[in-house]
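Reading through the structure tokens given below for one structure.
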Amino acid sequence: MRKPTALIILDGFGLREETYGNAVAQAKKPNFDGYWNKFPHTTLTACGEAVGLPEGQMGNSEVGHLNIGAGRIVYQSLTRVNVAIREGEFDKNETFQSAIKSVKEKGTALHLFGLLSDGGVHSHMNHMFALLRLAAKEGVEKVYIHAFLDGRDVGPKTAQSYIDATNEVIKETGVGQFATISGRYYSMDRDKRWDRVEKCYRAMVNGEGPTYKSAEECVEDSYANGIYDEFVLPSVIVNEDNTPVATINDDDAVIFYNFRPDRAIQIARVFTNEDFREFDRGEKVPHIPEFVCMTHFSETVDGYVAFKPMNLDNTLGEVVAQAGLKQLRIAETEKYPHVTFFFSGGREAEFPGEERILINSPKVATYDLKPEMSIYEVTDALVNEIENDKHDVIILNFANCDMVGHSGMMEPTIKAVEATDECLGKVVEAILAKDGVALITADHGNADEELTSEGEPMTAHTTNPVPFIVTKNDVELREDGILGDIAPTMLTLLGVEQPKEMTGKTIIK
């Protein structure tokens, strides 16, 4: 009989004493509360510099899983780019310089697209502002902005403030015009809803979609129709004569300034894959010799990379594999890349002895319509694996508290927490029945704050600490832990030596 050591990541499950707007506190969760009271527990920091982000920056799933899997603080793309701007290296970046040289020589346009907010999860508008300043410095005349509106990592109705900030930089530099506006629901889909991506592509390339004289007018009209930032229809900004300010054409260059890959891949593929088949792009398929991605998005995206990946050696998955242990990664679609690619330090391939189980997320418009998502199917599949004695190490993600938490709606999020708790109980009982040990934690908060103090929906992640429980009564845990300390703790429990690259410290005293 194998005695599995399982890491259970309750995505978006933060801890906060205040119960107002706190779906985690208001939900009935007898299993979690029981384990918290019965077993050694502590809290971990999952935001800011503890996970390689700027101070005070909320954590997110990509960052959380990278830090957990690496067993160290992993300096994030946001921090890397910020430092490059601060130290003057950003403007010297060869990939940016090559794109600028190309448009200057050919007299073509430079298009900047990405998520326009200061959420810092997928992008940061300061990086786009740095690109505007660089373009101005280098004498690029035609610079067009294709703004993806957020409303998810920031407040749901905040787009206007980011448009205003952009207009200030346009005024300061003398370059840049808004060309298209679209909500991230369309431009940043990651679930193969290609009909959404197609609307965005057609606006950018063909000038198809609702037309407005300004970005401000687009947002105002959307709000008047009850459509907020995330869901704004891909729209085209037009000149006085109703012609598009700009479309993307042959020999133009693109800099896609999102730094997080998962929601950038699909739209990038439409522009970079010659044999793209997910939808018919129509007669006009612009040839873009310089398509620049801020970071490495995927092998499926044929673009240049401005900030190339940093190699993360000896992640938990690799160390476990080298020790000859069998490991399982399991999640539903929305969090599958997190327990595989991100947890393995940005590696797509499996390690020897690694098995992966993907359970499809339900096809609903938004997850508040189905707060349980596919958690029961994930749980059934995992309990079956545990009972069959197949794995020494299990990495599980329950997506609900995060994905439903993003709705900013209390009732569905409470249901999500309660479904998570029910399934947590089933998984932990199966592990304990095999004399195994479960480590229960989260990658960041979300469901712990669903309402602002004004009673408005709070759709973003939080900076609250996350739980850490070890279902083993003969250990003592220290305070001040961070996500990067989880892997060393697991290795302690497994009796496997911690490699020098893992600079985290075990939480077991």
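Note: Cβ is positioned from N, Cα and C throughout, glycine not excepted.
The Cβ neighbour count for TYR35 (phosphotyrosine), using a 10 Å radius and every protein chain shown, is 21. Positions annotated as phosphotyrosine by Swiss-Prot: TYR35.
Marked as active site, phosphoserine intermediate by Swiss-Prot on the basis of sequence analysis: SER61. SER61 (active site, phosphoserine intermediate) is surrounded by 28 other CB atoms, counting those within 10 A of its CB over all protein chains shown.
Residue density at ARG263 (substrate binding site): 21 other Cβ atoms are found within 10 A of its Cβ, drawing on all protein chains shown. The substrate binding site annotation in Swiss-Prot covers HIS122, ARG152, ASP153, ARG184, ARG190, ARG260, PRO261, ASP262, ARG263, LYS335 and is backed by sequence analysis.
Here Swiss-Prot flags ASP402, HIS406, HIS461 as Mn(2+) 1 binding site, drawing on sequence analysis. Annotation note: ASP402 (Mn(2+) 1 binding site) sits in a helical segment as assigned by DSSP.
Ranked by CA distance from ASP402 (Mn(2+) 1 binding site), the binding-site residues HIS122, ASP153, ARG190, PRO261, ARG263 have ASP153 at the top as the closest. Among the recorded positions listed (TYR35, SER61, HIS406, HIS461), SER61 has its Cα nearest to the Cα of PRO261 (substrate binding site).
Each of the binding-site residues ASP153, ASP402 was assessed for Cβ neighbours inside 10 Å, and the highest tally belongs to ASP402. Remark: ARG190 (substrate binding site) has ASP262, ARG263, ILE265, GLN266 as non-local neighbours, by Cβ distance under 8 Å and separation of at least 6 in sequence. Highest local Cβ density among the binding-site residues HIS122, HIS406, HIS461 belongs to HIS461, counted as other Cβ atoms within 10 Å over all protein chains shown.
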